[in-house]
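Trainee: Once you've had a glance at the structure underneath, I'll fire off some questions.
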């Protein structure tokens, strides 16, 4: 191929080749190169005559094969005879992966290349070019969307796996890094310990040489020298932390570098609740405490230059915060953070403590880092050593020195306990002795809590832990005494005491031995308190000791609850054994976290639910279930549990548990009363440190206050400073009678000796009363009792689980200057009003509203709590008061703060405070709110005397007297609101709802107000663009499949019953026939109405919105749409009926409205002076009742009333005319049982109705009877010479006329005048009536209203247009509950056959279908309801089942075999008859059968009625085992054997059903047998037939064999065995001749023998 790529060369001397030769050589070369892809297209390529080449090459991209090839093409070349001198024809075929454009481009290039190589063989060159072109365009084809999605998913999955692998590798690196870091920390810790050990040895040697010498202030300190102090700093009050919780978390932290100071150091800033910050230079670490997990640093306070010590705890977690923490790990970290942050509140109380034998806490700081939280606490610097050094180096301490140490330890410990602080870890290492020999106690309370938190591994899995300490851990204050005894014993022996039980050496002095026994006795009850130990002879040796040692005084005031309580360290620990804990719901479900408060009522404890992890406040109250107040307690708990409002503390659960506890006069319960003050005052300790503000127990903590802590007094400055007052003079509300109105949620406000008004704890009897008297003696006179004996008694505790509020109280907020923030002030006030409006609506009164009872949660929202005096009674009398109450009211404690009594007295309303008996209502809370609102708007009052004076001036009976600095201009609105609230006349005082609607309150603020403003502006401009946009967005919402399914799921439950539908149709047809007899026509009104607030002021209609945003209503009843229709069409005369659906909205969102079927019958007439239409309406309902025997049995009564008479009664009872509509609504809700009696009374109280007026109103509305019987009551109204008499006469005249007309119409029902009937009074004028029967439901008789209506002339003009003229017609209407009639008939009238058709036409075979169709058409023409069976292939059994299910009596079988005849089957009275009838006579035959059937049913109904009447009159007795015959009626014995227990009414219904069903058969059998019994069972028809196989006449063995065979074939063997046993008993034992086995499930029976 000369000139071609790869062509063989030709020599110069060789002759030139011919065209065929050249062509043949090229083809051979191409075939060799391309092999199978080469194809010679010549038909005779091997023939003698050579044709020009015509070949096809299948070409692929060069060098690619298999899956890499995405393109290919066939190159077809047809050469002319003179090729290659003439260009061949080139074609590209079967292109794959190339677009048409690419193919055309390739072809044009090939043609150009062919022209270029003309004269040379070129096919290989062309093929090579094609392959190169294919290589350039070898690209995968575009994928489908599905393939791209799969590929994308695969890539994402691959990426996810790579990312997971990368994270795993990163975590592995972090773990390895952390392990390395921990190893380095351990090495550093070992170094520090070695250095500390050396320093301790040096200090110990120095202290042994001279205990009285002073140490160099600049010398090194070890862990034994834990404190050093500066007198200036101790006396500097500005560094004490206050109760501010939010700013304390805003810590600043910085590190000094070498440029700032000569040596590198850390600077810590402590926020002290003021603009000034305490700056402390953190120095060298001087030691550590492994037990408490802390590090100790020297520090310098820059403001005074004094030395302080810095304690540091570090909570470290293994991983760094970030995306590599699991959600569970993050929750654990958050939990630990909250626990640490909660310690700040406790520290606020501890910082206030000051005692010569207690080391002072100064300030606290929290520092959050990426992988840890650092807690720094500044403490007083003490120059001295710990007692641990004495144990290590000095040996035993002499007794005289030990006595001195013990007295100081007891003094400090008693001071801590008197302030409700428990040390928890008292040991030699945290008791210091300074240079003067003074003992100092440190590390109390908070150190143990922080140590427990920081020692816990955040990511540690739950496992069994073993304590390193062999000695048991004792909790509470008695635990501190236990540890004190061990400490003293160790000091006396010179070594640690690790023996348990503790053995006291006999070589110790006798008084010291006895002292130690009082400390380390195993029984907590017998262990003495520090107060008692201070009086022990070891501390106070006496020259003459009595022969019989006296027991310390009774410890009634002892506190068994610590301040901050770790898990299982609460007061219950000492009294509840481990076995009791295992069966206690409280200990099983909750983990105790903290005591929130306690008092005479019990204790409130912060707990965490182990299941949901949420925190709750649990109130634990000792109760006596046998007491008369226990029912009252349960009622209050139930009442409060119903409250659910965002501004009310939520009560969740309540339960009672029984526990065993030690009993005795010296052992109060764990939740006993507070600590008495007398002994502390006697020792010279300031009362202000032990009561009121300085109570640490009450101080734990403000951010996490309980929702209902009821040990508060309003005189405290903070919720964190509440402590229960004791003694008769410190009660809060002595005017409240606990027996009548108080309860478990209130404090004991009476003296301790008045036991009748308190809750009875445990088993209180005469002994306990005398014990209380003895305890009073101990308090007042200091007399002592002997040690009690150890006994046990059962105690019951009521546990109440409540919502837990975290922040503070309104008292805290007021004291912090709430008056400056006006916006927040009004917002909180509005939230208080919202909460009060809610509880008042529920019929409750708080009665103890004050700032400390109003809590603020973490979101700064109000939560009203402390329902200690809350009550659900209508009105209360302030009965007898204490004569000296006034003197007690204005009294302050030595600290300058008010007592609890002052707090309540300053807020209580005049009607409650009055000395005379007077009723009061919810408005007493509004008066208290007035005082509260003044305090919110006024600057905090510093002294108690100022506050008493200002608030008493504000309570002036004439008008409130405001302070001069309460500016009129700035506080104008506040003054108006306060004056309105503090009106001494309750009637002029507003309700919470009225005040919320008042213009005196500014609108809601912030985002809520802005949103409301935008929505209001948009909705007012219905033609604006914004309105259309909002509507478009609303109607473009997507409905999810879940909502679509659940919207009407309760309606479409699959419980459709054809019989129910047919019964409803039967009822409607029957009622319509009655209406038509009265000349009524059917008239249905439009479905939708525009929303009408005036008409539906009370009734809640189902509201919807159309596409334009207009609100429309579905009909609530059929009366309003008809009145609108009459008014708009000027109808003057019409009788109409209508049966339509009415709707009720659901309380749940996104649910289909509830549908009811209602029937309306109305008479509109132009005659205005006749009462005959009213009587006709009532008579029509009477006819309906008579039509249905099921309704006759219910004994309906007709209730009548008149709107004029009702109005006269309300006006007579003192109800203003402008409030009549509200009273109508309340009375209507009461009648329909929408409101309880308590709620009704509460709503009346809100209308300022006096108790006398309310009693008079009840006297009238409860009257019901004949008109003559009520005349004395009605005449009392007529005697009045006011407009009321005219109203009464008008109403009485109408009632007399209607009653007379009803008698003339022959109505046999009882007609009663019901003065309390208030059926839709706003819509009616004149006579109103109801048909009422009392039926038994759930063991009580409840009224069922079948129909109700009245005259509604005045309703029509409300719908007339402005141009409408002409007279207003008289309109009377009644609404009938169709659903109730259908249900009654369905349940009581099983004998009524209601068929959807008279005749079923069946084609026997497909060939007869045409005849069947023609026959059916003739039946329809004749007016006979007929159906044709669509499926001609039905079997006989299926046909019978279809007829039975649809209650079809007659079947016409059309078959070609019968010729011109039709076979008619009849299913009548369990008899099947069959008759051949000519096809032409079928219509007449069926008409005759139907007439006969109607007659038989009428006779059967009458017989059934007679039977039912005989049954009701007791004419036969099943118990006698006999039956009686009344004429031709047989009354057999009927036994109902059901698989489950049946109610009496259901059993009677089945018995009546059986007797009616088998009446004909029984009459026929009466002639043959006199002993007949019926056994009714709940089995299907098929099973009934199986019983025919039983052997009755054989022996017992044969019978049992057939029973086993029967049971083996059927399910429900247990029930079937009972049926068989009963049958055998009837046959063998009773020897009954005839037994019917009847299935009340399928209405089928068989005669067994």
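Heads up, the Cβ atoms here are built off N, Cα and C, so glycines get one too.
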Trainee: Have a look at 230, 529, 909, 1040 and find the one that Swiss-Prot tags as phosphoserine.
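Mentor: Comparing 230, 529, 909, 1040 with the record, Swiss-Prot tags 230 as phosphoserine.
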Trainee: What range among 628-650, 766-788, 789-811 does Swiss-Prot describe as region 'Disordered'?
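Mentor: Among 628-650, 766-788, 789-811, the range Swiss-Prot annotates as region 'Disordered' is 766-788.
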Trainee: In Swiss-Prot, which of these is labelled N6-acetyllysine: 72, 518, 1259?
Mentor: 1259
Trainee: Swiss-Prot lists region 'Disordered' for one of the ranges 1-25, 26-50; which is that range?
Mentor: 1-25
Trainee: If you look at how Swiss-Prot annotates this chain, which of 75-95, 96-116, 117-137, 138-158 comes out as region 'Disordered'?
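Mentor: Result: 138-158 is the stretch Swiss-Prot calls region 'Disordered'.
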Trainee: What range among 227-256, 257-286, 287-316 does Swiss-Prot describe as region 'Disordered'?
Mentor: 227-256
Trainee: Based on what Swiss-Prot says, identify which of 871, 1174, 1449, 1529 is the phosphothreonine one.
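Mentor: Checking Swiss-Prot against 871, 1174, 1449, 1529, the phosphothreonine entry points to 871.
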Trainee: Other Cβ atoms within 10 Å is the metric here; tell me which of the recorded positions 598, 1259 scores highest.
Mentor: 598
Trainee: Give the residue counts of the region 'Disordered' (138-158) per reduced DSSP state, in the order helix, strand, coil.
Mentor: 14 helix, 0 strand, 7 coil
Trainee: Hey, what's the Cβ neighbour count for residue 596 (ATP binding site) at 10 Å?
Mentor: 28
Trainee: Using DSSP, would you call residue 1259 (N6-acetyllysine) helix, strand or coil?
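Mentor: For residue 1259 (N6-acetyllysine) - judged by DSSP and reduced to three states - the answer is helix.
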Trainee: Reported as an integer number of Å, what is the Cα distance between residue 596 (ATP binding site) and residue 1259 (N6-acetyllysine)?
Mentor: 49
Trainee: Return only the integer: C-alpha distance in Å from residue 598 (ATP binding site) to residue 1259 (N6-acetyllysine).
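Mentor: With the alpha carbons as reference points, the distance is 46 Å.
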Trainee: Please report the Cα separation of residue 1259 (N6-acetyllysine) and residue 604 (ATP binding site) in Å, rounded to an integer.
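Mentor: On Cα coordinates alone, these residues lie 45 Å apart.
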Trainee: To what whole number does the mean pLDDT across the domain 'Protein kinase 1' (296-539) round?
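Mentor: Computed over the domain 'Protein kinase 1' (296-539), the mean pLDDT is 82 on the 0 to 100 scale.
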